[in-house]
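These notes concern the structure reproduced below.
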Amino acid sequence: MTTPSDLNIYQLIDTQNGRVTPRIYTDPDIYQLELERIFGRCWLFLAHESQIPKPGDFFNTYMGEDAVVVVRQKDGSIKAFLNQCRHRAMRVSYADCGNTRAFTCPYHGWSYGINGELIDVPLEPRAYPQGLCKSHWGLNEVPCVESYKGLIFGNWDTSAPGLRDYLGDIAWYLDGMLDRREGGTEIVGGVQKWVINCNWKSPAEQFASDQYHALFSHASAVQVLGAKDDGSDKRLGDGQTARPVWETAKDALQFGQDGHGSGFFFTEKPDANVWVDGAVSSYYRETYAEAEQRLGEVRALRLAGHNNIFPTLSWLNGTATLRVWHPRGPDQVEVWAFCITDKAASDEVKAAFENSATRAFGPAGFLEQDDSENWCEIQKLLKGHRARNSKLCLEMGLGQEKRRDDGIPGITNYIFSETAARGMYQRWADLLSSESWQEVLDKTAAYQQEVMK
């Protein structure tokens, strides 16, 4: 069995000096350890409460590569179970979502209630004349399930910090999406799913820490949707400018702490500035006063930027796209993209949000394709022995971290930096090399203290 010491994790990651060895994106032994020590003990996004509003409603998803089913209980609580029959390991729930009174395995017909209990075994008296203790053979339950403002998370590790402690200061940034209006948020439409041939850490890192790429990777989109030859701005809808936000913002920051990351620009008006539909742009202006009252000016105006909750939950303010990077081996990720909107928005505005998110960040989105091409090409190159063992530079903004005095929390830097990437890989390494959560927390705290010296 390969151990963390065999893999020399801290020789692959040097966050103090800004170095990363890209073997972390290709090594199958590292990947197996990730499934155990990251996806097996971190809080992972499961579903939005709006997707399972009634008792018996269920939604099928994954925790790492483990299939799980999330179910609303009769008392309104939420449980999650390993989607695996206890008889021969067959899947017991196949539909993406729906409503049910029971889950029945198609192999031998064992049936489970929505509370996970084994309730029926075909031919039980004849097949098990010695008796079968059905209470012992219920579905394996995810022991830790908690919600944060509509987002449902699960964790296999009962020794992990609670969800709110795990989120830490990233919750302040997350609230900018979840808490703009009374009534919270909901998922609109279905789930878009597609596969990208890259390691899960590539998109997670980009959403945590990389605004820098947009100036170059998305240059063609900026040129097409940007200024006209005569110097005037093209318009997409009701008075919305398509000029890049980095040209119009008065300030910008990146947040990186506890493995999580976020980056955004300070703007002077509620303009999403990411080429959304005119109805969306108008909606942000019309609801700005309520958002400012609930969140304050900075977050109410924050309608662009990138975010990732470690390890794999990402979102983009303004475009209403929320996505999970489900790992499928060291060189493949399955993307699940949701459109998340204010519940109080009109049906017309919700449709405009869905259209905007799909156009820019759906599987054929004009920005999404740029990102996917980059990640796939990187993964191809890392098949080479020299390529996957050559150190990469992670020095942007090194030593420039600070804590702000304006109420914006956490360790921050200028938006064009790699503070969040270094923090993400530090938490990644700490998890892989630690036997307990307390050891992880101690290591992360020591790193963050060193960063802020």
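Note that Cβ sites are derived from N, Cα and C of the backbone, with glycine treated the same way.
Residues or ranges marked as [2Fe-2S] cluster binding site in Swiss-Prot (evidence: sequence analysis): C85, H87, C105, H108. Residues or ranges marked as Fe cation binding site by Swiss-Prot on the basis of sequence analysis: H213, H218. Annotation comment: Swiss-Prot describes 44-142 as domain 'Rieske', evidence class sequence analysis.
The Cβ of H108 ([2Fe-2S] cluster binding site) has C85, H87, R88, M90, P122 as same-chain neighbours under 8 Å, each 6 or more residues away in sequence. Cα to Cα, H213 (Fe cation binding site) and C105 ([2Fe-2S] cluster binding site) are separated by 47 Å.
With DSSP states grouped into helix (H, G, I), strand (E, B) and coil, the domain 'Rieske' (44-142) comes out at 10 helix, 37 strand, 52 coil.
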